[in-house]
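Taken straight from TrEMBL:
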ACT_SITE  90  active site, proton acceptor
DOMAIN    97-331  domain 'Radical SAM core'
BINDING   111, 115, 118  [4Fe-4S] cluster binding site
BINDING   162, 163, 194, 217, 218, 219, 293  S-adenosyl-L-methionine binding site
ACT_SITE  336  active site, S-methylcysteine intermediate
């Protein structure tokens, strides 16, 4: 039987038509799934009992199960989710000082890419996440935000484990559910998808024009350095990536964020800065300079906060739009590049979550 959390609205509508149900039943069921987040047909009380029984014969529920949550000293919360086949992924809840709360979600178990600086790249790729497994992360983290902070998520970023565009179909379907009024109802402009730079999929997503924000992990603007850091840099040239960025802007009217992780002695020299200025200066982009979070066993180190600010200042002086991001959650391996779904030990600041999806 198929997981009902892994089908589109149109598929559900088609199934109900075959069952000779009125069209409004689709919206009723969809709202039970995503507005009320029920996880059994018995709870869908405005459906006829006969329909609930028939749906239970056709579909199963395979929700993610929150297993452990670790809480950082800065308030960042990292949750390990157990999947139906016993794999695990991680999602992160990031509170900001101004009250905004961001959910960072995963799209794959492991990652198909092998970026040299990333912890996820060190674990084997197992499989893509399903539509429901992606959407369920958002639902759970939004419920947690409401419980812990008194209001829901401000932003959602596809920046967790995995390369989102390598799981294109499930990710694009999840975006529609998360941003639709009949789904989770988040404004598309509050959602950011980050990619290592899969050029054909960037153009494909641009054609869909879902209204989301878009970011590209650049990390170097010269070919030798980027190829040494990122497998995507070996697959697609910087010129091909630039063409895809221009295509995105032409189709959506939205500037792209170039993410630049500063690695001490690797991509932070004056020559690297000038390459970045030349590259970004001709593109409809803004730049996010990101602090590196050291990872055991990976031979990269971070510059000081002053180094990061100085790097960004050079770019700003050249006329580029630049922001600096200092990641939270380092002490629980929840910061940028640190997600690797390692089972967390029981400690004093550990919250043992109940199994099953929260509603």
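Glycine too: its Cβ is placed from the backbone N, Cα and C atoms.
What you see is a predicted model, and the numbers here were worked out from it, not measured in a lab.
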Most distant Cα pair in Å, residues 162, 163, 194, 217, 218, 219, 293 binding S-adenosyl-L-methionine: 19
Cβ-Cβ neighbours of residue 163 (S-adenosyl-L-methionine binding site) (radius 10 Å): 27
Close recorded positions near residue 163 (S-adenosyl-L-methionine binding site), where close means Cα within 10 Å, chosen from 90, 111, 118: 111
Residue among binding-site residues 111, 115, 118, 218 with least C-beta crowding, 10 angstrom cut-off: 115
Secondary structure of residue 217 (S-adenosyl-L-methionine binding site) (DSSP, helix/strand/coil): strand
For residue 194 (S-adenosyl-L-methionine binding site): DSSP state (helix, strand, coil): strand
Most Cβ neighbours inside 10 Å, all chains, among the binding-site residues 194, 217, 293: 217
Residue 162 (S-adenosyl-L-methionine binding site) versus residue 111 ([4Fe-4S] cluster binding site) - Cα distance in angstrom: 4
Cα-to-Cα gap, residue 217 (S-adenosyl-L-methionine binding site) vs residue 118 ([4Fe-4S] cluster binding site), nearest whole Å: 12
Rounded Cα-Cα span from residue 218 (S-adenosyl-L-methionine binding site) to the residue listed as 'active site, proton acceptor', Å: 23
Whole-number Å value for how far residue 115 ([4Fe-4S] cluster binding site) lies from residue 219 (S-adenosyl-L-methionine binding site) (Cα to Cα): 10
